[in-house]
Structures are given as structure tokens and as C-alpha cells.
């Protein structure tokens with residue numbers, strides 16, 4: 001893939017930005033109609049009951065629950081008064097559970113109330129809805145209530161045994177069924193009409209949440225989803241809290257999970273081809289992969305076996321046809337992510353080998369290919385994959401599918417192979433391999449996903465000798481807009497075993513250019529990679545970051561830059577901290593007035609630095625000693 005004489009389509013290339021990891025983004029190549037994943041069921045759907053098929057919630061009742069919820073939020077977090085208030089409110093909820101669940105405003109309030117509810121009141125509300133489960137589950141508002149009730153299980157299952165003992169002692173006011181029995185009852189109801197619930201616009205959301213609860217794992221997508229009219233505090237949940245969360249469940253839950261999952265096998269064709277039902281199977285694969293891996297493998301084999309015997313393809317396996325289909329390709333993406341390495345290797349050899357370039361060029365099939373690359377963990381699989389894709393990296397970028405290239409680079413990082421080769425191919429694809437003076441410009445090109453000529457506005461005729469890199473020209477140009485995928489590419493490269501070329505390019509950036517990178521929502525993560533990569537030594541890190549001198553105040557007064565500065569500060573030695581504090585101290589008042597800067601000033605203890613330097617140095621020295629001690633413990 002050398003440069004040689006340049007064909008017209010290579011000169012002055014601007015690579016399409018490509019899609020984000022979610023589909024349907026501009027330039028992603030993934031068609032929009034019918035592909036958008038909705039965080040909540042749509043406001044209308046085929047399952048909506050008739051207007052008069054459920055009780056009406058009066059304005060007076062709505063007003064009561066609104067006032068009750070407001071009072072509950074203002075009440076102390078603990079104490080008998082609060083417990084009594086919750087008990088009384090949930091008693092009223094129990095009498096109007098169905099009306100609340102099927103009212104838009106009422107269902108939002110009920111979702112919040114369920115978050116406050118102890119075990120027994122929630123069970124009574126659930127029992128009140130039991131005779132109308134189908135109505136609630138397939139209602140555009142009721143579905144949220146059932147999801148919220150199910151998502152209380154991680155909180156309540158631990159207290160179930162304790163409250164059951166209290167109930168036996170009290171001998172009154174207890175629910176007729178335990179929480180475990182209610183969940184199993186819902187699972188039995190769903191299992192009896194599995195196709196109906198899975199194929200319903202709203203009911204499928206209940207199935208997906210139920211699968212997670214039965215498996216004792218709440219997936220990231222569920223935890224990150226906003227629920228109703230949550231308070232602002234609830235919506236400020238840190239990102240690190242939105243990862244898959246596991247919790248203990250009874251053995252009966254896992255047994256029922258296996259029963260539900262067996263239902264997929266009975267009508268596998270429906271779950272592969274129907275857009276709504278397919279989402280349920282995708283969630284099942286994720287949960288089973290974590291909790292019942294053998295059954296997950298069995299389900300994956302059923303999907304692959306069905307697809308590989310349907311249709312015909314003149315250019316290879318019938319599976320290739322389904323990789324190009326909007327619905328089945330999504331399911332196959334999930335299959336690729338959960339397959340064990342030996343099965344993934346055999347799937348590649350039997351169905352995909354020799355077809356990767358075609359898949360990379362396809363507007364839909366390139367996404368399953370990205371998932372295949374994300375799943376590569378062995379040199380045995382990476383070797384043939386790299387051999388197929390390496391000759392066409394520039395063409396794939398030009399087609400607007402940079403996600404394929406980034407996924408391949410990520411596989412090289414993960415496996416620890418072909419790193420030097422893929423970097424050389426990237427330099428050639430972005431037209432900065434030759435002359436060698438251009439290589440120092442690779443970071444802005446990778447970050448913006450632009451070829452050299454486009455980024456610097458050059459016009460080169462076909463067959464012309466590429467011009468040498470002009471340092472003055474590069475220094476005068478402001479850093480272009482950093483793309484998300486460009487940032488991911490640089491993060492992968494910085495975690496390569498030898499990231500020297502990328503670090504030299506970063507070191508060649510001027511202070512304002514490096515500042516722009518740190519202030520960018522996507523680019524700030526490149527600085528994170530510099531600070532955290534085990535391949536970047538302290539000396540190399542300091543050489544890059546020294547260009548930020550003179551930019552610390554602007555960095556501190558930026559949303560993303562302030563976070564980068566905090567990270568730099570955390571790892572800085574005492575001498576570097578003095579330099580940072582001295583520069584910030586010159587603009588102390590500006591920092592204090594800035595919404596981001598005043599947090600940095602507090603973190604740096606800037607007032608102490610300016611007024612009591614000796615005390616500040618003692619404090620920072622003690623912090624440095626504790627950090628060194630902790631690092632030595634962690635290294636041991």
C-alpha cells in the first residue's frame with residue numbers, strides 16, 4: 001500500500017467522519033428508518049389499549065399524589081415520621097395502582113414512589129396490578145411502572161428475608177405473596193405468551209428488564225436510562241455507576257431465566273427477523289453470557305445454525321446475506337460479542353474468511369465486522385483478519401467507515417501484535433508516511449480524520465512528489481475539530497507498546513494547539529491516555545505536557561480542560577505543582593470567578609499557596625509521600 005503515483009481519488013482526501021458507535025448518526029452509513037434504538041418505548045404503538053379500558057385518575061387524586069411525593073422528597077431521609085408517610089402514601093397507591101400506572105403523569109410519579117417504597121408496600125402494589133399485567137405491560141405508561149418495580153429488586157432482595165421475619169412476628173398487613181413469588185408469577189405470565197410480549201412495542205421492554213432481573217445483572221443501557229421525572233440529583237449519577245451491576249438472586253430466578261431463554265429456541269426465526277422481538281434475544285444473550293455461559297453458547301449456535309442454512313449466496317456463506325440485513329445484523333453483532341474465542345475462530349473460518357473487505361465496504365455489514373474486531377483476543381484470529389483488511393485501510397476510511405479501522409487498531413492493541421505495521425499503514429492512508437518529515441504531523445490528522453493535503457489546504461497534482469512538511473505552516477494552523485473516532489484512534493495508539501511517534505507528534509503541537517486538544521470533549525481523552533498509558537514514561541509525559549505552560553489558566557477555566565488539569569495535578573511531582581500553582585496564582589481572581597476555575601483553585605489550595613507558602617509545601621510534600629507509599633504497595 002505504498003504511495004507511488006497517486007490516483008485522482010487519493011489526492012486531497014477528506015475522510016468522511018463515519019458513524020458513532022450508535023447507528024443512524026450522520027455519515028455512519030447505517031440507514032435511519034427502523035434502526036433507531038429508543039431509550040424508552042415510543043409514545044404510541046400497536047399495543048395501546050382503548051381509552052376507556054382502564055380506570056380514570058381524577059384530578060383530585062393526581063393532586064394528592066403530587067403533593068405527597070413533594071412532601072416525601074422534603075422529609076428527612078430516615079426516621080419514624082418518614083416511614084409512616086411512605087406507608088400511608090403507598091396504601092393510597094395500592095387502591096389506585098392501575099389508574100396511576102396508565103396515566104402519563106401518574107405513572108411518572110409512581111415510578112418515583114416505588115424508589116422510596118420498602119418491600120411490603122411494593123409487593124402490595126405489585127399484587128394489585130397482578131390481574132392486569134397484560135394491560136400494564138403493553139401500555140405506553142404502564143410499561144415504565146413495571147420496569148421501575150423490577151429494577152427495585154437489587155435494593156429489596158437483600159431485605160426480603162428480614163422483612164418476612166418481621167411480618168411473621170406482626171402477623172398482619174402482609175402481602176399474600178413474597179417478592180420472589182411475584183417476580184416468578186410475572187415470568188410465568190410472560191412465558192405463557194412469550195411471542196406476544198416480545199413482539200409488542202411496549203411489552204418487549206418488560207421482557208428485557210425481566211431477563212436482567214432474573215439473571216441478577218442490570219446492563220449498562222438500563223442503568224444509564226433516565227426514568228420518568230427523576231429529580232436532578234438522580235439524573236447526575238456518575239458515569240462509572242452506569243456499568244453492568246450484578247446482584248444475588250434466588251436459584252429459582254436462574255431456573256426461570258433458563259425456561260424463558262428456551263422459549264427463544266421454539267420460534268428462533270421470529271426472534272431473528274422481527275425487529276422488536278430481536279431486541280429481547282439480544283438482551284438475553286448478554287445476560288446469559290454473564291450468568292449461564294453454556295446456555296448462551298447453545299443459543300448462539302442455534303442462531304448461527306439457522307442463518308447458515310437459510311437463503312443462498314453465490315459469493316460465500318448464507319450468513320453473509322444476514323450480515324447485510326438491518327434487523328438480523330444487530331443480532332449477529334451481539335452473537336459475535338458473546339461467542340467464546342474457539343467458537344469465534346471457527347465462525348470466522350467457516351463463514352467470514354475472505355469476505356472482510358466486502359463487509360467493510362457495506363453500509364450495514366461494516367458494523368458486525370466492527371464487533372468481530374472488538375471480540376478478537378487471540379493472535380490466531382487477528383493474523384488472518386489483519387491480512388485481509390490491511391491492504392484496504394485507506395479505501396475503508398474513504399467510504400466513511402472509520403469505525404472498522406479504529407476497531408482493527410484496537411484489536412492490535414489488545415492482542416499486542418501488528419502494532420508497528422498498522423501504524424505504518426495509517427501513516428500511508430493519511431498521506432503522511434513520505435516524506436518522513438510529515439510524520440510529525442500525524443496527531444492532528446488522526447484526530448480530525450483528515451488526509452495531509454486536506455488538513456493543510458494543499459493542492460497536489462497527480463504523480464507529483466509530495467512536499468516536505470513545513471513546521472511554520474503547521475504551527476500557524478489552529479487545531480481542527482477533534483472527532484470522537486479520531487480521539488479513540490489516538491488513545492489506542494498511545495497504549496501501543498512503543499508510542500514514540502505519536503508522542504513526538506504531540507510534542508510538536510504548540511501550546512494553543514495542545515490547549516485546544518485538552519479543551520475538546522473528545523480530545524481531552526487523548527490527554528487522559530497520555531497520563532494513564534503504561535507505555536508512556538514519566539519523562540516522555542513531561543516532555544509533551546510542558547507545552548501547556550502558559551495555558552494553565554485557560555485550561556482551568558474550561559469544562560473539559562479543568563478535568564485534564566486535575567488529572568495532571570494528581571500525578572505531578574512537587575516541583576511541577578509549584579510551577580502550576582505559581583502560574584494559576586497570577587490570575588487568582590479570574591479563577592475564583594470562573595465556574596470551573598474556582599474548583600481548580602480549591603483543589604490546588606491556591607489561597608494557601610499565595611498566603612502561606614511554607615505550609616502549602618509541607619502539605620503537598622505529605623501528599624506526595626502518601627502517593628509514593630501507595631504506589632509502592634500497589635506495585636508489590
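Placed from the backbone N, Cα and C atoms, the Cβ positions cover glycine too.
The shown structure was predicted, so the numbers you read here are calculated from the model rather than taken from an experiment.
Residues or ranges marked as compositional bias 'Basic and acidic residues' in Swiss-Prot: 45-57.
The compositional bias 'Polar residues' feature in Swiss-Prot is assigned to 228-238.
Positions annotated as phosphoserine by Swiss-Prot, on the basis of a large-scale study or a structure entry: 7.
According to Swiss-Prot, the feature region 'Disordered' maps to 1-59 (among others).
Annotation source Swiss-Prot lists region 'Disordered' at 222-241 (among others).
The repeat 'Pumilio 1' feature in Swiss-Prot is assigned to 92-123. For the repeat 'Pumilio 1' (92-123), the model's average pLDDT works out to 93.
The repeat 'Pumilio 2' annotation in Swiss-Prot covers 189-223.
Beyond the ends of the repeat 'Pumilio 3' (313-348), by six or more residues, the same chain brings 31, 34-35, 271-275, 278, 281-282, 285-286, 288-289, 293, 296-297, 300-301, 303-304, 307, 354-355, 358-359, 362, 364-365, 367-369, 371-372, 374-378, 380-381, 384-385 to within a C-beta distance below 8 angstroms of the stretch. Annotation comment: Swiss-Prot describes 313-348 as repeat 'Pumilio 3'.
The repeat 'Pumilio 4' annotation in Swiss-Prot covers 351-386. Sequence-distant neighbours of the repeat 'Pumilio 4' (351-386) (same chain, 6+ residues past either end, Cβ-Cβ under 8 Å): 23, 29-31, 304, 308, 315-317, 319-320, 323-326, 329, 332-334, 336-337, 339, 341, 344-345, 392, 395-396, 399, 401, 403-404, 407-408, 410-412, 414-415, 417-418, 421-422.
The repeat 'Pumilio 5' annotation in Swiss-Prot covers 509-544.
According to Swiss-Prot, the repeat 'Pumilio 6' annotation covers 547-581. Same-chain residues lying 6+ beyond the ends of the repeat 'Pumilio 6' (547-581) with a Cβ under 8 Å from its Cβ atoms: 507, 509-512, 514-515, 518-521, 523-524, 527-528, 531, 587, 590-591, 594, 596-597, 599-601, 603-604, 606, 609, 616-617, 620-621, 624.
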- Query: So how many of the residues in the repeat 'Pumilio 5' (509-544) end up helix, strand or coil by DSSP?
  - Reply: 25 helix, 0 strand, 11 coil
- Query: Which numbers of helix, strand and coil residues does DSSP report for the repeat 'Pumilio 1' (92-123)?
  - Reply: 27 helix, 0 strand, 5 coil
